[in-house]
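In TrEMBL this protein carries:
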DOMAIN    A:94-291  domain 'ABC transmembrane type-1'
TRANSMEM  A:12-30  transmembrane segment
TRANSMEM  A:103-122  transmembrane segment
TRANSMEM  A:129-156  transmembrane segment
TRANSMEM  A:168-191  transmembrane segment
TRANSMEM  A:212-238  transmembrane segment
TRANSMEM  A:275-298  transmembrane segment
Amino acid sequence: MGRFLLSRLVDGIVAIWGVVTIVFVVSRLLGDPAILLLPVGATEEQLQQLRAGLGLDQPIWEQYLTFLGGVVRGDFGNSFQFMRPALSVVLERMPATMALAESALLVGVVLGAVAGSMAALFRGTIVEGVVMLLALLGQATPVFWLGLLLILLFAVDLGLLPTGGYEGPASLILPALTLGTFTTASIARLLRSGMLDVMKDDHVRTARAKGLLPGTVFLWHVARNSLIPVVTMVGILAGELLGGSVVTETVFSWPGVGRLIVQAMEAKDFPVVQAGVMVIATIFVVINLFVDLLYGLLDPRIRARR
Amino acid sequence: MALLAIEDLSVGFAREGRFARVIPGLTYGVEAGETLGIVGESGSGKSVHALALLGLLPQPPGRILGGRAVFDGHDLLAMSEARLRDLRGGRIGMIFQDPMTALNPVLTIGRQIAEPLMRHKAMSMRQALDRAADLLALVGIRDGARRLSQYPHEFSGGMRQRVMIAIAISCEPALLIADEPTTALDVTVQGQILDLMAELRDRLRMTMVWITHDMGVVAGIADTIQVMYAGRIMERGPVDAVFANPRSAYTYGLLQSLPHGSRPPGGRLMQIPGCPPDMFAPPPGDPFAPRNPFATPRCHVEAPPLRPVPDSVPGHMVAAWYDLPRLLA
Amino acid sequence: MREVWRALTRRSGWLGLLGATLLVVLVLLAIFGPWLDLPDPTRTNLRARMVAPTLSWFSLGAHPLGTDQLGRDILSRIIAGSRVTLMVAGAAVLLGGVLGTLLGLISGYFGGWVDRILMRLVDIQLALPLMLLALMVVAALGPSLRNLVGVLALVSWVRYARIVRGQVLAVREREFVQSARAIGASHPRIILRHILPNVLTPALVVATLELARVIVLEAGLSFLGLGIQPPDPSWGRMLADGRTYISSAWWIITFPGLALMLTVLAVNLLGDWLRDFFDPRLAVR
Ligand SMILES: Nc1ncnc2c1ncn2[C@@H]1O[C@H](COP(=O)(O)OP(=O)(O)O)[C@@H](O)[C@H]1O
Ligand code: SF4
Ligand SMILES: [Mg+2]
């Protein structure tokens, strides 16, 4: 187990290093940041000065090492917009993003688990049909459109909830629902098919042969065994969730990292973009590390193989 | 009085719009204290009828078409699912063929043995686990207390089957149905499990229905043998009488295919040629007739009833239109 | 063919059939849109701004789905948008598919360090949410149609590479490959003649699943203003523009989104069915 943990940790670090490299390469594709930074009509001398200041006159690999060193120290340079370290600008927005992503995940897991279980328990009935239809629609509905529809319905027409912003729990409801829908739908579908498979397994027949109550059979011998693929799915969905948060935050004017990145892009504030992308990629890697650990907890066979 | 009396049990399966009566109407009884060995090639409806008794038949595709199965004075097929649940794992235990898949891979062995105890004996988890450790010792697994916290993958096939046995006998059932409990195991382990079951049966005074496709296994454990084919009883009677004096061509064939041991003198080692009938299009007469070299013309059009064998011990019954000993002579 | 038909008409198959039908209708609309007698999707008419849908039981009316804030006909714009969307997504999926399949073939066939490096690359890219990667690259290169296709292809190659590699590993040791090798066939010949045919089916399944993903991603980028640029109509952009008028003209955001959802639904249904039909093991999404 210890060795396994270590090797997953190394994998994670390599992945993050890869992301750093991608970010560096992309940032060099931008062309000369010095030209972008200075007002139009700056002199050649001013340009040279700025390039030297940014280290752009160094060979490319040296720039890369400098960049890498900066990332390790958490130094992405100063935000062009805010004139403060980019990382701290990003980290200030983290609580909002985490609140949104966590609520969305909660919505997704709880609703998805309930819906998927219902569909499996009531297979062949209208319940299964309705759940599966909704799940198909949920997977096909793009987040930003869903967000707009919910605003239209609950904020504009019914006036029940705010259209956006970040004031109190009420303003969290619509964004969380919006972002959580895809997760809900995916988990519901996966859990249903997983449970239907498990229900056919021999060990469920054994459980019934023991005379166990239906609730016990379902919880301990069906649901418990269907969790593993769901956990994998949560790891994958975390990516969709973090990516989706960019759009959702924009739709709902939610002051999180996603919206910050989009705004920074429009303002060509690259240090903030880089810091934001790095932070989100790191969260994603950490989540998947947890998912791997969770596997071992859920499945003793996997634990043994490690 | 019979502990279990099955009357005219009839079970079918629907598949792709067609329907097969896999068990066309089965009648037999098991006396208290008796061990009944049910033998037959795979596909002859042995498992299906046992699952149907306990309400474990997957429905759909399966369907119980009729009949009664009176256990201890009550019809299992007519009682509510809740009452049947009280019997399952309590007064009726069941063991399945494949120990590799019959246990839940993600729960500890301890929990899996404790479950029926908590359900039927109103034990707490603590008490049930203590009892589970004793049960492991009873089925010959040493170091039970430690092994309770292990998972099925940490046990060998034979060990897992011992765990299954521990689960099945945990509530000291009056009736134990064992569906090919040794088929999936290798030969040496088979013998050990067989001995263990015989010992437990005697110690707990259980009535037992032992399902197998191996005549040799039946000889070792059963009092009565019942040979089944295509959902019907071909022959039935005390083990000694049937082995010494088989009256159905099918029984005769099964005995011939035994590699060693109790075989009528002069028999050669053989396999019964052909394969069981397609239950979606069953032959009109005796289902075994197409494979039976002794079949008479009547066999092909009319299924014979199960009748006592006139010149044998009481309880020896056969379904045949011909007289096998005369044909063999 | 008969087998395909049987599978399509089975209970689980009619959903796939529905998806395929929807998709065919969409593609036909996209192709023959310009020949339909509809208003010019880019012609503004400030006197007919934000006209509510005129669709009724008996007639289409002048603007069946209404007009937008500049008085452009929404139905024409949706149909014109489907052309752009389907072209961009189709090109991206094709490009990503060819690239991913090729790299997957190489990775699986040669194994060793090539394989290790390529699969590491896959892992790394998967550690970056698609949306962010696409955002960064588009922001860097500028939002042109060509860049958009490139980015979307870049974003989707990994899934092909993974599945194809796995399939190659399964096929590589089979007899026909071994015997081809024994005769002394060259590597490219073995890969193209003997292995490629065996990986096309899974690649096709991935392509359908990717198509849905890429369509949504494109719409998302356009929504953020980084995808398809005006005056080309695009569903994502229409949604972004309509946002401002959400309280006065619900139709501006409703219909383009509906079109987007139906398209994705159609592709998903078809993809699910293809996956179940060809290989249920690909179910890892
Ligand atoms: N789930 C099922 N669906 C359809 N047919 C089944 C099913 N289970 C069993 N059968 C059929 O019932 C018959 C008896 O099977 P079974 O009782 O398992 O045989 P045995 O246990 O004697 O080997 C076989 O013909 C088999 O094809
Ligand atoms: S009844 Fe006829 S077919 Fe059936 S076993 Fe006897 S002889 Fe054979
Ligand atoms: Mg059986």
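Using N, Cα and C of the backbone, Cβ positions are placed for all residues, glycine too.
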Task: Stretch with greatest number of CB pairs under 8 Å, the transmembrane segment (A:129-156) reference, A:12-30, A:103-122, A:168-191, A:212-238, A:275-298 candidates - done: A:168-191
Open item on the list: Should anything in the same chain at least six residues away from the transmembrane segment (A:168-191) have a Cβ under 8 Å from its Cβ atoms, list it; otherwise answer none.
Closed with: 99-101, 103-109, 111-113, 115-117, 119-120, 131-132, 134-139, 141, 143, 146-147, 150-151, 154-155, 161-162, 226, 229-230, 233-234, 237, 240-241, 244-245, 248-249, 251-252, 254
- [ ] Could you give the residue numbers and ranges of same-chain residues that sit at least 6 residues beyond the transmembrane segment (A:275-298) on either side and whose C-beta is under 8 angstroms from one of its C-beta atoms?
- [x] 1, 4-5, 8-9, 12, 15-16, 19-20, 23, 71, 76, 86-87, 89-91, 94, 227-228, 231-232, 234-235, 238-239, 242, 257-258, 260-261, 264, 306
- [ ] May I ask for the residues of the chain that lie six or more residues beyond the transmembrane segment (A:12-30) and have a Cβ under 8 Å from a Cβ within it?
- [x] 36, 60, 63-64, 67-68, 71, 270, 274, 277-278, 281-282, 285-286, 288-289
